[in-house]
Amino acid sequence: MVWYDMNECDNQWGAREERREEVFCERKVNLDTKPLELRSRNHSNGAVGSFSQLATQEMELSLIGLQNAGKTSLVNVVATGGYSEDMIPTVGFNMRKVTKGNVTIKLWDLGGQPRFRSMWERYCRAVSAIVYVVDAADPDNLSISRSELHDLLSKPSLNGIPLLVLGNKIDKAGALSKQALTDQMDLKSITDREVCCFMISCKNSTNIDSVIDWLVKHSKSKS
């Protein structure tokens with residue numbers, strides 16, 4: 001089933017796999033031996049007789065897309081609310097944890113340069129959702145972006161993992177509309193998972209709250 005604009009549909013979840021300790025871009029990152037999965041943990045206030053329990057959801061996301069699409073800017077805006085024009089392109093990957101309400105989100109920001117795209121699948125296998133960022137004001141690279149997305153989703157290891165597509169930079173002149181981006185990225189042909197699409201501007205924080213709300217509600221729906 002397909003999900004556009006928060007319309008509910010049936011969920012299909014790919015199998016979770018164990019991650020190995022990997023060396024990437026000369027940086028050794030010791031990942032969890034068991035990947036972080038969406039789950040709930042109950043916490044007590046410790047008082048005897050009157051307890052209030054708070055369910056804490058945890059989710060893990062991979063942010064992918066071509067270079068200069070605005071992935072790192074999105075992470076910073078979600079985490080801090082701040083935007084900078086002088087973002088350094090991600091080399092390899094970065095990881096950041098963000099807490100929104102009672103949801104902790106682990107964000108993998110993956111480099112979009114051609115030499116890093118073969119690594120995308122590896123870091124998308126155990127995530128709660130794949131977030132694919134597109135520069136909506138760069139029509140010259142849309143065909144490449146579409147090809148990379150559909151090639152990634154064809155991997156059996158990623159079957160059923162929900163997809164959130166973000167058309168970024170709508171503050172720029174000539175940026176595509178949501179319908180045009182949906183058509184150009186051929187999103188309606190993706191029928192084996194949930195799909196949601198938002199048009200955003202990291203610079204102006206347009207629709208960033210809607211993206212965060214989707215992520216939080218999405219995590220809660222799986223708990």
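For all residues, glycine too, the Cβ spot is worked out from N, Cα and C.
Automatic prediction, not curation, is the source of TrEMBL annotations.
Here is what TrEMBL records for this protein:
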{"type": "BINDING", "residues": "G65, L66, Q67, N68, A69, G70, K71, T72, G112, N168, K169, I170, D171", "note": "GTP binding site"}
{"type": "BINDING", "residues": "T72, T90", "note": "Mg(2+) binding site"}
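Here the features listed in TrEMBL are painted onto the structure.
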| residue | record | Cβ contacts under 8 Å, 6 or more apart |
| --- | --- | --- |
| G65 | GTP binding site | K71, G112, Y132, V133, V134, D135, S145 |
| A69 | GTP binding site | G112, V133, V134, D135, S145, N168 |
| K169 | GTP binding site | G70, D135, A136, A137, D138, A175, S201, C202, K203 |
| D171 | GTP binding site | S201, K203, N204, T206 |
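Considering only the residues assigned to GTP binding, G65, L66, Q67, N68, A69, G70, K71, T72, G112, N168, K169, I170, D171, the longest pairwise Cα distance works out to 22 Å. A69 (GTP binding site) falls within neither a helix nor a strand when secondary structure is assigned with DSSP, and so counts as coil.
Comparing Cβ neighbour counts within 10 Å across the binding-site residues Q67, T72, the minimum falls on Q67.
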